[in-house]
Structures are given as structure tokens and as C-alpha cells.
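For B:Thr193, the entry in TrEMBL reads active site, nucleophile. Annotation source TrEMBL lists substrate binding site at B:Thr156, B:Lys182, B:Thr193, B:Glu279, B:Asn403, B:Ser408.
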Number of protein chains: 2
Amino acid sequence: MPVKLSAPAAETLLPVKGVQLGYAQAHIRKPNRKDVLVMTLPEGSSVSGVFTLNRFCAAPVTVCKEHLQQGKGIRALLVNTGCANAGTGQQGLDDARASCIAVAQALNISPEQVLPFSTGVILETLPMEKLLAGIPAAVANLQTDNWLNAAEAIMTTDIVAKGTSRTLTIDGKTITITGISKGSGMIHPNMATMLGYIATDAAIAQSALDAIIQHAVNKSFNCITVDGDTSTNDSLILMATGQAGNTQIDEKSAGFVALRDALTEVAIELAQAIVRDGEGATKFMTIQVEAGKDEEECRKVAYAIAHSPLIKTAFFASDPNLGRILAAIGYAGIEDLDVNTMQLYLGNVLVAEKGGRAASYVEEQGAAVMKESDILVRVVLNRGAANATVWTCDFSYDYVKINADYRS
Amino acid sequence: MPVKLSAPAAETLLPVKGVQLGYAQAHIRKPNRKDVLVMTLPEGSSVSGVFTLNRFCAAPVTVCKEHLQQGKGIRALLVNTGCANAGTGQQGLDDARASCIAVAQALNISPEQVLPFSTGVILETLPMEKLLAGIPAAVANLQTDNWLNAAEAIMTTDIVAKGTSRTLTIDGKTITITGISKGSGMIHPNMATMLGYIATDAAIAQSALDAIIQHAVNKSFNCITVDGDTSTNDSLILMATGQAGNTQIDEKSAGFVALRDALTEVAIELAQAIVRDGEGATKFMTIQVEAGKDEEECRKVAYAIAHSPLIKTAFFASDPNLGRILAAIGYAGIEDLDVNTMQLYLGNVLVAEKGGRAASYVEEQGAAVMKESDILVRVVLNRGAANATVWTCDFSYDYVKINADYRS
């Protein structure tokens, strides 16, 4: 069950001026579920994207990058679940392009103005007949208040729909931000297996939007892991329709930092929601590594802890088997780490220092922290001034069940 | 259940001239199990060791390295299970040294001639009273034909005892090799969480023995992974008593390669046994990566596949969800990998080429391979002449159960 996470109420996901969303049940893989989403943007919108670094990137990712590069002004996004269109060679590219053409025809725009996304099983080709039948159905019900339906339409093994909104005031104008995300397995940074769509009605210059998405993804989706697997399809898209009435924001504008931070907050909430809904998750863990020489070594330690199946199963069991954490710190790859000068905390409890168990530590304290559903693991390296934080979840019977049965 | 692995019959583990083994039930962690082992070697034996690279290496590992370095001639090994004496700071070092003193007193040798080993729970100190009581009991039943008892005495979460023997003829003399190992979780190269002890009665020069252990470990224990966790206590020890009557072998001797290869075979069998007995294992997988630019990139790809929980759970389910393997190849870290020129085979079945599913592939073929208990995954990178092989196992409900319940 998701850890302290429930689907947002429909009315809490605020419409974003200029954005319309429509969905369809196209039976791509399973009957009776929303599996196709079309989002439309008004002319003049700015759009930025960041994508998986997996060398086996999916066909739609390749096409997304091409269309963003061509700069003809993105006007629509198409998402399907049930099939990732990854590991599909030339056929996959042909299918992704054909689906853009279909959306373009339905909306009277050009195919280069469409971004395609797919998520689901890898190594199978898209059932194009079903997808092409779903597109006009999704276009037919385009609405501004369809964000919760949209969040539901992009789910795969997700248990709950993920979305959030923020408002802020810039130039005396109310700016609205709404984002949705999906993903719960194959979650790893650079990026998570996930799709994320964040829209705002603010007017933002393209260069500022590009800077904001990099900032936001580094603080959010690049800090989460469920299982260490980096997907072929990960995509985060940031869209700005420019209909809020504010003066266009660039990196020197007074409102830039406030807007960047609000968008980053939304990205963090969406990223954490993916971990809270991690496959089989029963615990949400924040791994905070402090006082390292540089951010990279802090991230190495944080990910060594976050990826260890031994640690993840111990958290599942609420077992303060903290020696496993020390072992992970030890093999994280910091060759000159002095284990005698670092400290390990579980929540606020000092667990280990001077290379061993802290004299003050009694297991009951650790056991009490482990019973919580949100747990902080703090490693203080005492080697420098850098920090890094990673969010992850535990490893349960249900993780195995979900992934052993995924295709059945 | 272990994958095609059963405990050796006692009579198949051949005595090695000069080696005696004794065990005790010292109740270190649990009652009624053999948990202390003492091995003794005759004067003049050569001994080599390789140890964990974990920065949080256990106290006994530190002491082992010191004693090997001092070069006073190793005469005895002490192993306890139930407590790893790792993450135990100064107390841990004091305890490891005190246990060497106790063995030395019982055998009338000096403490620097004793190598101590511990395996079990991390971050707890050794129950010295129990251990010290066990040492004379183990010494009291030292025998040459005690190898199976010794293999049983070093087990922790292992289901079956692991051991094997070989004989070969050099100089007209019969050379005997017998080895035992333990380990089933926290298994990763450099090294596996494991203890391995291989003895031979051949006379081997120290420098030749050092060369052989490096060769053997790189072909065996450094090629296995269960869960990617590198232990604090991993140790492999190679011992040569010199009592077979052969002329001492150095790296230029005629018998060197034959002896090295026989010892390496034993190491491979012991290493593979650890994977076959991997926690919760139901499948044994050989990941063979071929035609890479260098061995390092082949190993990266092999380990990306071997560590992926998504792949491991799919193998558990006998589900030919091969897209997950492509995804792992894609995120393995080869930045200039051309996914269109590589091939993926499952057993002898060509599964993927040209960036997608092979035209000839039908899922029934993949499903048939997945039902086997020993499965070969072959990745042909078509970039060069280097190869690497890694052995691993699947990821089952029982893996979670074993590790969630380990301390209870």
C-alpha cells in the first residue's frame, strides 16, 4: 500500500489556463481502463523536456527530442500506457511518428508539434489500430478540469493517481501550476521510470524554462530510487502557456526564483509520490548524507544505502539491523573513507560512531524509529561541506509479487 | 531451495595431508549448531588470503591481514558464525586478538600464527565467553577427515554445506585439493559475502601461491552476485601444506599451470555453489557478455543485468520479459553503445537484434528456456574482443522472507 499517499481530490487539481486534457479507453493492453491521454496547449506556449539516459531509449523519446529540437511550437502531447514502444527498432519509430500524425490531423496542427509518450511493457510493438482509434475519442472529450482523469490515464502499476497544484502571485497576477506523474517500479535517477507533466499558465522565456526544468529535476526526480532500474521511457515535461497575464519571466526577472521554487516543489511532491507508491512499498525512507567532500560522494553513499536489498528488506521487517547500513557505506566506493570519524543516525538517534555502535545506543530506540512509516537515515561523513538526499522505499513480498506477475 | 546443489557426501571431501579440522557448538547465536571451527596447518605451510574491499571491514579481517603480513608462518585458522565482529570498533579488534591468543595457547603456537574469521550479524560484539569456551572443545576434536563437519560449522543462512575435492598428479605425486565455502546473501564481487578455505598438500612457493589466489578469485568469487551487497567480512584463504612430496612449485615449474587450474576449478565450484544456494534462489543464471571493447564494459553490462531486481523477479516468475534485460543493457553505463548492432540470446534463442525483437523470435521459445533451472543469458556487443561472465540467481519471495527475518 502507498506510504501516506492518497489520490488527490479532483477539485484540488487546478485547471491551468490554456491546457486541455482528454482521455480514452483504447484497450491497449487491458480492457476498461483509461490508457490514452491527449493534452493540448495554446499557440505560443513554451515547452521543455528531460529524458532518460538509457541507451535503449524508447522510440517516443527519440521522437520527442526531435520535435522539441525542431522548435515549431509544441501544441499537443499524446500518452499511452500498456506498451512502452521500447526495444522496437524501426517499427517503433514509425509507429511513434504515425501516432503524432494522427493527433495532428485530429487537432489541425502539424505532426512536429506533437510529443508522443508510451509506458508499459518493453519489446512489444504498439497495437496501432487500438491506439489510432483512441486518439479521436480522447480529443473529443478535451476539457480544462480533466487533470485527475489525466493522472489516472497514465497509471501502470501505480496504485494511486499522482497530482498536485500550487498557486503563487507574480506581477499581481495569480499563477497556477498543476502537475501529474506516474511510476512505481524501475525507478532510478537520470531519471526515474516515470512520466511527469507539469504545466503553468505563467509566461516564461524558453531559456528560463530550460533552466528551471534542470533545477527542478535535479532536486526531485533525480533523487529517487525504488529498485535501481533506469527506464527506457522516462520523461519530464514542463509547459508554460503564458495565459496568466504576467510579463514574460526570464532568468533576471524578480519573479524567477519564486516561480522556479514553486515548480520545483511540485516536482518534488510528484517525485516523492512515486516512491510512496513504490511497488510493494510499506516505508518511505529519506537518506540524507552530510558533510561529504563533494555532492558526488554523498550521492554514492546515499544510493548504496537506497539500493541495498538487504537494507530494504530489513526496513520492511522494521528490523534495526543497522550493520547493513554500515556495510553499504563501506562499499559505496569512497576509497579513503575513515569509518572511525563518521556518524550514523536513525531519525534523531545516534546509532554508530567511532567505527562501531554508539555507546549511548540501545536497540529499543532504533526499533521505535523503524516502526514509523516515514524514516530518516542520516550519515554524517565529517569530510567536507557537501550534502545529498535520496528518497526510496522498502522491499517487500509485494515487490516480488508485482514484478513476477507484471505481464500476467 | 538450492538450484541443483546438494551437500557433498563426507567421503568425497578428501583429507589434505597436514590439515586437521575441529568444530564446537559454542551457542554463539543459536543453540545446537556447530558454530566454531579450528583448522590447523603443519609448520612450513604457505598461506595466501584475499579480503573484502569494504571500508567497514570487520575486525578479524584487519587482524588476518596483520598476521599474514608479519609472516611468522600461519599454523591455525579460527572461524565463528553467528556474529561478524564488524562495526565493532576497538572492542572488535581487542576481541579478535584475544581469540587468536586463546587458539595459540591451546595449540602451543604464537598468536601471530592464527588467522581469525567471523560471519553473522554486523554491529554486535563477539560473545567472548562462549567463543573462548568453544575453542578448546574444537581443538579437542581435531581430525583430518572432518571437512564436511567444517563446511557445516561455517554455515549461516546457507541451506546446504559447500565443499569439493580434486586430485591431480605432479612429479608422479598425487596432489589433493579440498575446499569449503559459505555464503548465500550479501553476495557481490570484491568479494562475495563469503568465507572460502582451499587447502592442498602440494608444496608451492609463496609467490606462486599469491599468483594463483589472484587468478582463482578473479575467475570465481569475483564473478558472482546475489544481491549486490559487498560484505564486511569476505575472505578467501589458500593453504599449501607441502606434504605431498612434490618438488616445490614456483611460477616457472612444469606443474604450475595444472595446479593453478585445478585450484581455480575448485574456487569456481565453491563460488557457484554460493549462488546456487543464494537466499531464496530458484534459478541459476549465467550472464555472458561477449565482444565488448574491454573486460570492464562487459562486466558493467553483466552486473547491470545480474543486479536488476526487475530481471531477477521476472526470472523467478519464468517470465521471458526480455525487455527488462534490454533496459539494463541500456543503463549499464556504456555511453557510446549502439543498441542497433548488438544481439541478445536466451540460451540458444536469438531474442533481440537491430534495436528490437528478433524477427525469428516467438515467445514460446523464450518461455521454454525460462522454465529451466540453469539459464544462460548471452549479450553480444559486437564492439571488440573482450568477454566477461557473471553468475547470479533470481529474486523470490523467500529472499525477502529470509532477509526480513534474519535476526529473529
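Placed from the backbone N, Cα and C atoms, the Cβ positions cover glycine too.
Curation does not apply to TrEMBL; its annotations are automatic.
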Do the binding-site residues B:Thr156, B:Lys182, B:Glu279 include any whose Cβ comes within less than 8 Å of a Cβ in chain A, and which?
none
Is it possible to get the count of other C-beta atoms within 10 angstroms of the C-beta of B:Lys182 (substrate binding site)?
29
DSSP state at B:Lys182 (substrate binding site), helix/strand/coil
strand
10 Å Cβ neighbour count around B:Glu279 (substrate binding site)?
27
For B:Thr156 (substrate binding site), just count the other CB atoms lying within 10 A of its CB, please.
20
